[in-house]
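Here you go, one structure.
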């Protein structure tokens, strides 16, 4: 490693924006650049992105961040990529031109294809071999939809003229001028086309969906030099790390070992627990997915998604208008000792893990004449912690592992009240790191390890510092009483919309 290679760049391609973040040897952020892009909603429940706009924004933020920081491409040791998972691009091999917009992970248009696969008895096969539930969320049915609905697409696919990729694959293809068609196991594991036991594309799933093997990228480790780019002008920079956003955050939080877990508090909450070298099947509504071990090798994880985390606070602000700013919630919630018996179940779009109840609806229970604004705000914050406790309980049951501490990241972790209540409700210490850009950091770490910029996972552990550790303070009886009230409230919210 020559002395002037002082930085690693993480490209963080998210659902609403593309970002580039420069890290130095001490994992400090030296510069960032960000651009939003257009969300397309052609029909109710459909969500698309323009792959060329994704590429344009991602390419330009990379150039911008170098210009902003005054860095030359010669000073960049490697590029790591982290991305929104499941979002699907199909393009022509010869021209590099997408044949349709990217179908986004949130898009529900393939629900009918999923129902058809269930009717053919594939649910158990999908669960056992891909670790996933049969749902429109994942890429496989999206590829089938494009082949079925774009004129001439299936014929071109059969002739080997089309390529498929998740966003990581598309970016690497563009950055290497069409030389490299690759993905990593974390992204492959979200397609419903990848066998997480054999770590190979699953021929049966490809046959069931009518997708030719020739469309698929090569699956390579999450930390490896895949190819080079001359973007940013001048020298060839190695592209050396790839991970889906949640797995990247798990790696960025240094959850390399079995039994370590992180929770990301964003619009929703994503909790992942590293379960080591063997996949753990969930009997409690979680997904079995691929994680990354300390040397970039394949590990496994359990994953649980809560739909309404920070979005519950947005609802207080935008719809109820009882706060002006999300940051106010800490102040109001701390003005009262409890919620005065009020529970808010934010099942506005149904409930995610571990319930998976699309018919649940938002519910506020336990209201009395004395209930006021502070109680409702506190109940909204507490609902985020209760839902995360639901997921953690399922994880501990499935894995047989008692969590020693939960690492946290995402916007809502700045809320001290929420973090303390989370620790109390889980009876588990909650660790907030100094650097909360853990998703981008994970991609940077993977790339840096691949080129020797950092020598080992032990060296990375020296870069991790704790801002604050929240220790449980609530007594057992109080915790049990409050959580039992939550379970009762959840029951009231369930199956509400079924009769519609």
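Just so it is clear, glycine is given a Cβ too, placed from its N, Cα and C backbone atoms.
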Starting from the ATP binding annotation in Swiss-Prot that includes 15, 16, 17, 267, 310, 314, which of 121, 165, 178, 411 is the extra site residue?
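Candidate in the recorded ATP site: 411.
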According to Swiss-Prot, 85, 86, 245, 246 bind glycerol; which of 41, 125, 137 is also listed for that site?
137
Which entry in the list of binding-site residues, 15, 16, 267, 415, has its Cβ near the fewest other Cβ atoms, using 10 Å as the limit?
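So among 15, 16, 267, 415, the binding-site residues given, the one with the fewest Cβ atoms within 10 Å is 16.
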Do any residues at least six apart in sequence from residue 246 (glycerol binding site), in the same chain, have a Cβ closer than 8 Å to its Cβ, and if so which, in order?
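Counting only residues 6 or more apart in sequence, the Cβ neighbours of residue 246 (glycerol binding site) under 8 Å are 85, 264, 270, 272, 303, 439.
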Using a Cβ cut-off under 8 Å and a sequence separation of 6 or more, which residues in the same chain sit near residue 411 (ADP binding site)?
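When sequence neighbours closer than 6 are ignored, residue 411 (ADP binding site) has 265, 266, 310, 326 within Cβ distance under 8 Å.
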Please report the DSSP secondary structure of residue 86 (sn-glycerol 3-phosphate binding site), reduced to three states.
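Reduced to three states, the DSSP call for residue 86 (sn-glycerol 3-phosphate binding site) is coil.
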Would you mind pulling the longest C-alpha to C-alpha span across 15, 19, 267, 310, 411, 415, which the record has binding ADP, in angstrom?
24
At a 10 A cut-off on CB-CB distances, which of the binding-site residues 19, 85 has the highest count?
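Most Cβ neighbours within 10 Å: 85.
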Including all protein chains shown, what's the count of other C-beta atoms within 10 A of the C-beta of residue 86 (sn-glycerol 3-phosphate binding site)?
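There are 25 such Cβ atoms around residue 86 (sn-glycerol 3-phosphate binding site).
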